[in-house]
Amino acid sequence: MLWPLLLLALWAWPSAQAGDQDEDTAFDLFSISNINRKTIGAKQFRGPDPSVPAYRFVRFDYIPPVSAEHLGRITEAMRRKEGFFLTASMKQDRRSRGTLLALEGPGATHRQFEIVSNGPADTLDLTYWVDGTQHVISLEDVGLADSQWKNVTVQVTGETYSLYVGCDLMDSFALDEPFYEHLQTERSRMYVTKGAARESHFRGLLQNVYLVFENSVEDLLSKKGCQQSQGAETNAISENTETLHLSPMVTMEHVGPSAEKSPEVCEHSCEELGSMIRELSGLHVIVNQLHENLRKVSNDNQFLWELIGGPPKTRNVSACWQDGRFFAENETWVVDSCTKCTCKKFKTVCHQISCPPATCADPWFVEGECCPSCVHDGEEGWSPWAEWTECSATCGSGTQQRGRSCDVTSNTCLGPSIQTRACSLGRCDHRIRQDGGWSHWSPWSSCSVTCGVGNVTRIRLCNSPVPQMGGRSCKGSGRETKACQGPPCPVDGRWSPWSPWSACTVTCAGGIRERTRVCNSPEPQHGGKDCVGGAKEQQMCNRKSCPIDGCLSNPCFPGAECSSFPDGSWSCGSCPGGFLGNGTHCEDLDECAVVTDVCFATSKAHRCVNTNPGYHCLPCPPRYKGNQPFGVGLEAARTEKQVCEPENPCKDKTHSCHRHAECIYLGHFSDPMYKCECQTGYAGDGLICGEDSDLDGWPNKNLVCATNATYHCVKDNCPLLPNSGQEDFDKDGIGDACDDDDDNDGVSDEKDNCQLLFNPRQFDYDKDEVGDRCDNCPYVHNPAQIDTDNNGEGDACSVDIDGDDVFNERDNCPYVYNTDQRDTDGDGVGDHCDNCPLVHNPDQTDVDNDLVGDQCDNNEDIDEDGHQNNQDNCPHIPNANQADHDRDGQGDACDSDDDNDGIPDDRDNCRLVANPDQEDSDGDRRGDACKDDFDNDSIPDIDDVCPENNAISETDFRNFQMVHLDPKGTTQIDPNWVIRHQGKELVQTANSDPGIAVGFDEFGSVDFSGTFYVNTDRDDDYAGFVFGYQSSSRFYVVMWKQVTQTYWEDQPTRAYGYSGVSLKVVNSTTGTGEHLRNALWHTGNTEGQVRTLWHDPKNIGWKDYTAYRWHLTHRPKTGYIRVLVHEGKQVMADSGPIYDQTYAGGRLGLFVFSQEMVYFSDLKYECRDV
């Protein structure tokens, strides 16, 4: 009665335990994640615990995370309890690897910790991060991924990381850091089964997944039913392994939506159960003692029976006791192979078996047989007999069998392969109940058929032993049948159906036709009979007389069809393909003349060759590829025409660029047709590329490039700081950008007043912090050192600043070279520098910084290309670059003859260079006048950044317009720009108001790229670049903030700047000033000022001392904009396609806002106008 109560109490423990739990000591992860049968991708199964479902997940992108409220309570419990326990019932797919639990965030790809069951390695891995460092701890030989249900307990408490499977400790390890003290909940998510990547999701079934916060692992395992070695009573119960098997399985009350409590099952108190266990322990000891005493008594009885000749019940019965067994009167048994014994009146009488004399010269002794035997001729080839099997009955009469084998391919093999004999292991006691037992199977019968597939049968009897005293009969069948395969049966052949009659051999005067059949339905097999009859049959056909044939004289042109009539007349059909005529007389057809576009045409002669008959095309011209059709007749010429396409090694993968380089197709007119540029993160000549850590276009190590191709193949002299110009004044191998003393004069650059000129004495007469040896005005204070005419004499002390031989006081354009001093509007400002040359405006004010004075600026621009209508050379067609190669006042975009050579653009082989003769020596459809230099600017197309605009040939920001976006007030100073690398690198050194350094080159479609680097850790604000600049009120800007921050001036509008890359379009109604300033700082839209087109949702800010590479693609015609930002070789931010047609092009520039020491290096712009 005690055992059922004990089992009932242990079964009821999980429910009682769940009810006793504090609401923050156990969390049902499925419940607080809202995972149920309605969850997409979650499939329900039956697990070890029938009261709750088990789940398998197949769509991990739909798995919901733990609710934010419960996640906060969980992390607080982890800190309070110094860790946690994870319990679950799991059935993991064999040799799979998957995540059990993970805490992801705050970033989209960052994980604070995760627990992974690694099947291939047979480990349970704990991965966590502390202070940006990853820690991985693996428990080995855990045996979880074997497709078997396991009840696991994972302990992560204090400095311990352990795994228990059931009640057994599998492995344990010490934690390096108590990571659970540093977990963050804001913007974090906790997932069950969801891995960081697709291949690390958990594959298998999970049930009862809980996070538990107990005081110790012993308490938790004890509540799960595991016995601890703490006393004799516990040992007494656990030793009896047959009494009770506990399957550790915890069912806990989840913390989440309320569920109905399971009813109480156990009505006994813990004291009553403890008393039962103590009573059972005592009973166990008593039973063991009784069992030992019974064994001793049995041994004594055995000894007494041997002394008195049998047990008391058999003393008056005639029987014998031999070798511990009873034998009935006259019962005979075999003691060994040559001795037989018989029971005679309580006595055992034994005698030797006598053997007859052998009848052969070479008798054969068989093991287990007393007498020798002779091998008969028919038994040649047989193997020796095998050992006899054990007796089929444990008492009474049974049978034994043995077998042998024979090679039937070379022997007759007469005689049986199996022998059976009777055996007896003692008389059965008929006074006891006995179940029946099967005898050995009989040999298989012969096959039921002589050919084909039949059956063989064997039987057995339920007599070893026979059931008695109500014993059970034998289970199973006494007959067994299986298929047998005889030799194949013969198949007689049969004919297939007759084939159709063949055509008659003649059309008249009698001919023969025939038909055939085949003996294959079926064909004869296995000795079957062949088909009877013939395989071919013939009969006469077309017996009528033949008419007179007028075509026998071949009156028609060869190839034309001739038709004959019964009266002897005839007619000719049409001429064959490639000929013209009436069928009797035909002449060659010139397909080339009729179908003029059958072959590819160039500026030279037609490439079609007429033949008799037919035509063919010449091969495609050099640097083209395509087909070379040929044929006969107009239909062929109109159907298949020659198509020759320009060769494109980049598309055909026939280029020789490096695997880390991009192949750029220049056109089939260029020689070479492509160029190679190393990808971001690499540098070199494109044929060879090496790693480039600072993204300035120079490799970390010297590269072995092609002969004389040293540019971008020499080792970077500042490998960790962008310096695309590689300036090295003192030639010491260390670039000026990272050299503390550029001129080697012993004075560090920070203190040197002539950083690039040896002057250890540091004389500075005018106290402008520029040493006398390098001061272009040593006696006049001019720290800016501006020298407009680049003659070595600064503007501050020059009498002719622009070098036009007109002194400053008489020069109406003192900063612009103008020897003619023309001043059309008479305002004292020369036409060369007058922003309104036809309107009197001596003050030259230009509020919107669009280079057009306010007096003549009407801002009417119908095509939105940045040029007002009365100054636009194509006012109705967007052409921001205003290209006009024939200088006729009409822009190329709306001029049908750009070079004014009398050849329309659509037929001109040099559209931008006048060549009325259209000379093309190599016949490649590119005129000789513009071969390899399409815009005739003396820069080869392969090196020209704008090969179709002679006004722009290379990237150059040496001349730029400084635009101050908040020119009033003293919040900060204006930007200070330092020019390097012939205008391909600019450095902004000041912590300034928002400002732009915008170049003067204008673009429609453009690609703009550069390297971004902040060489300080003192600030965290904005920097970036502008494109489509038309005025200080109208432009696009890409700006990047390091950290999220509210602008310190909250008037006129509140401005919140979020970290990350932003793409904005500025269309300000107020222009420069505090309104535009705050709108630029703000991440979002500000009405009448700025609209945000895209902000990187990852909110990744730039890092100090880290090189980034941006790439802008802008196609104003469609509005396509895309911004890519690389960190090293990897893409950090990608806007994807953004479409906006606010502006149809403009100028390019660089942007800063309150950020100092910003490097813009290796700048590159390329025109993409077609």
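Using the three backbone atoms N, Cα and C, a Cβ is placed for every residue, glycine included.
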With the ranges 391-410, 731-750, 811-830 to choose from, which does Swiss-Prot describe as region 'Disordered'?
731-750
So Cys556 is in a disulfide according to Swiss-Prot. Which of these is its partner: Cys541, Cys546, Cys572, Cys575?
Cys572
According to Swiss-Prot, Cys462 takes part in a disulfide bond; indicate which of Cys447, Cys474 is its partner.
Cys474
Spatially speaking, which of the disulfide-bonded residues Cys391, Cys447, Cys484, Cys644, Cys856 is closest to Asn582 (N-linked glycosylation site)? Use C-alpha to C-alpha, please.
Cys644
Nearest of the recorded positions (Asn151, Cys504, Cys551) to Asn330 (N-linked glycosylation site) - Cα to Cα:
Asn151
Just to be sure I understand the packing, how many Cβ atoms besides its own are within 10 Å of the Cβ of Cys617 (disulfide bond)?
24
Cβ-Cβ under 8 Å from Cys738 (disulfide bond), same chain, 6 or more residues apart: which ones?
Asn717, Cys718, Leu720, Leu721, Asn723
Which Cβ among the disulfide-bonded residues (Cys395, Cys599) has the fewest C-beta neighbours inside 10 Å?
Cys395
Euclidean distance between Cα atoms of Cys504 (disulfide bond) and Asn1067 (N-linked glycosylation site), Å:
91
Where Cys586 (disulfide bond) and Cys617 (disulfide bond) are concerned, what is their Cα separation in Å, rounded?
24
Could you check which of the disulfide-bonded residues (Cys447, Cys541, Cys551, Cys894) sits closest to Cys599 (disulfide bond), going Cα to Cα?
Cys894
Give me the long-range Cβ neighbours of Cys546 (disulfide bond): same chain, 6+ apart, Cβ under 8 Å, in sequence order.
Thr507, Cys508, Ala509
Over the domain 'VWFC' (318-375), what is the model's mean pLDDT?
69
